[in-house]
Amino acid sequence: MTERRVPFSLLRGPSWDPFRDWYPHSRLFDQAFGLPRLPEEWSQWLGGSSWPGYVRPLPPAAIESPAVAAPAYSRALSRQLSSGVSEIRHTADRWRVSLDVNHFAPDELTVKTKDGVVEITGKHEERQDEHGYISRCFTRKYTLPPGVDPTQVSSSLSPEGTLTVEAPMPKLATQSNEITIPVTFESRAQLGGPEAAKSDETAAK
């Protein structure tokens with residue numbers, strides 16, 4: 001089967017900034033596609049768990065102005081706990097996958113289908129920040145339900161950075177339990193054979 005690249009519609013505005021929720025003094029990446037740092041008390045909690053990301057102490061500016069920093073870090077925590085998480089919805093009419101890719105630019109995402117599988121790829125080219133050089137990539141694969149036409153797969157990217165890939169489910173033929181039985185008319189000649197036919201002719205004379 002040939003490979004097909006799925007174009008996605010861009011719902012983000014021209015002023016979209018992938019770093020809008022990042023703390024201005026720190027732009028580090030972790031294992032969940034690249035995320036901002038967390039407050040000290042959250043860092044201690046996550047450091048004692050199985051959290052895979054890198055964390056560091058709260059910046060001094062945030063300590064001096066906790067009321068200002070709290071909303072930004074609250075949004076950051078929400079994104080960090082959900083970033084990279086995908087959701088699959090399968091109804092009678094549609095099959096849909098939603099994937100959080102809010103830290104990838106549109107030109108860093110690729111969606112394609114091959115052999116009944118949807119493949120989503122994101123890649124950051126190597127870039128430099130105040131901490132050094134960083135690059136990041138990911139690949140997610142999803143098997144299409146049986147009967148789904150790969151050419152009908154579409155995708156869109158929301159302003160919040162959610163990539164949605166969906167396809168219509170095949171329509172099943174409507175089966176009815178009602179059966180109409182035709183009625184066949186048979187004459188006496190057919191019922192009695194040749195002798196019955198002669199008897200009918202004699203009676204007619």
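Each Cβ is built from the backbone N, Cα and C atoms, and glycine gets one as well.
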From Thr162, Thr174, Thr180, the one Swiss-Prot labels phosphothreonine: Thr174
Which residues does Lys123 (N6-acetyllysine) neighbour through Cβ under 8 Å, counting only same-chain ones at least six apart? Glu108, Ser135, Arg136, Cys137, Phe138
Name, in the order they occur in the sequence, the residues of the same chain whose CB lies under 8 A from the CB of Ser86 (phosphoserine) and which sit 6 or more residues away. Val97, Ser98, Leu99, Asp100, Arg140, Tyr142
Could you tally the C-beta atoms, other than its own, that fall within 10 angstroms of the C-beta of Ser98 (phosphoserine)? 15
